[in-house]
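The structure under discussion appears below in the form of structure tokens.
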Amino acid sequence: MQSNKTFNLEKQNHTPRKHHQHHHQQHHQQQQQQQQQQQQQPPPPIPANGQQASSQNEGLTIDLKNFRKPGEKTFTQRSRLFVGNLPPDITEEEMRKLFEKYGKAGEVFIHKDKGFGFIRLETRTLAEIAKVELDNMPLRGKQLRVRFACHSASLTVRNLPQYVSNELLEEAFSVFGQVERAVVIVDDRGRPSGKGIVEFSGKPAARKALDRCSEGSFLLTTFPRPVTVEPMDQLDDEEGLPEKLVIKNQQFHKEREQPPRFAQPGSFEYEYAMRWKALIEMEKQQQDQVDRNIKEAREKLEMEMEAARHEHQVMLMRQDLMRRQEELRRMEELHNQEVQKRKQLELRQEEERRRREEEMRRQQEEMMRRQQEGFKGTFPDAREQEIRMGQMAMGGAMGINNRGAMPPAPVPPGTPAPPGPAAMMPDGTLGLTPPTTERFGQAATMEGIGAIGGTPPAFNRPAPGAEFAPNKRRRY
């Protein structure tokens, strides 16, 4: 009985749904007719001047210089447009002429077989204006489709530290290649969300950054949390999916049988809708629990990191202190070695000085000794001279005595006396005696005996060989 009521209720609800579906189809057909009428209208004329565009109704003048922001880079991937539904016979020159109103085009590419192309304008603002004005414009029986081209060299950066700005993000990723744009995503209050976008000028730089950051740990600040890099999801949040682009197949018509509505309580739709809501709620709760677990794990890791950082700093300070102590010890050893070397050098210098002084003293003594020996060799000393004079005196006395006993040799008259010492010698016949000296008393005694016949000397002197008193020393 209850099932019949449910069936009747669904049957009653199905009747107005079909009526609403019929009105929806009629509204859709009216929209298609209006679009066809707009396509049949001639396109607005495109001025040849690329610096300004004037409207017949409003008379607007566009200065292209005003659409460039200060410091904005030109001809980037963000100003690249995709143009679809192109005629198969369109040329590159016609493509440039179509967009010359919006400034000089930097890049033009046409794929005639597939009927699409790409064009790059100077700035993002000019590309947006061209997109709005040329989208859905009829050209040779086809309706142009203008969209922003997908940026294949853009990356999403996660786990950004709190104090990372756009400039720092661009500077950090510029090591991989030329960066066209780097943005740190913030919330409605301007607080960083920990995510960012980096757009490179080419795919090789983006691939290099993706590989390097995946293999290693890329740090942007002192906080040792590495960033994660992944390809950016190309999502169109501006145009979305218009009705005219939806594929009208059998599944489309089946889904569009029911209009937007609230499920009636107690119905089949309501029962399974509630089950779907329970599943979504469970997913949300589990996601919240996962987020809480991750948050707790992050806080715990940050606390451990701070403790480890403090310990690491203490260890570094200890190592630095030990290094400085070792350096001081090494410097002290070097100083001691230098002092020892200096002392040894001073000792060697002192020893060398003493040796030189000793050598000089020896040389002086040797020189004096040689001088004395040379003086003695030339002039005999007083003692030797006395001995020699004594011997000469004794020999002279003996000669005089002998001459007194012998007759004188006859000398012829007129013969001069012989020169030399013999002429100076005293003659016994004349009764002359040589003068006596105190030192040669023996010779005087002998001379007196021989010449005068025993006259005593001036003072009694013992003969040679006589013994002296005990306290007297013998003189030679």
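Each residue, glycine too, has its Cβ placed from N, Cα and C.
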From 390-418, 448-476, the residue range that Swiss-Prot assigns the feature region 'Disordered': 448-476
Fewest-neighbour residue among recorded sites, criterion Cβ within 10 Å, set Lys101, Lys104, Lys131, Lys254: Lys254
Reported mean pLDDT - the region 'DBHS' (60-379): 90
Rounded inter-Cα distance in Å - Lys248 (SUMO2 cross-link), Lys254 (SUMO2 cross-link): 10
Inter-residue Cα distance where the pair is Lys254 (SUMO2 cross-link) and Lys104 (SUMO2 cross-link), in Å: 48
Where Lys203 (SUMO2 cross-link) falls in three-state DSSP terms: helix
Other C-beta atoms that fall within 10 angstroms of the C-beta of Lys203 (SUMO2 cross-link): 11
Candidates Lys101, Lys131, Lys254 (recorded sites) - the one closest to Lys195 (SUMO2 cross-link) by CA: Lys131
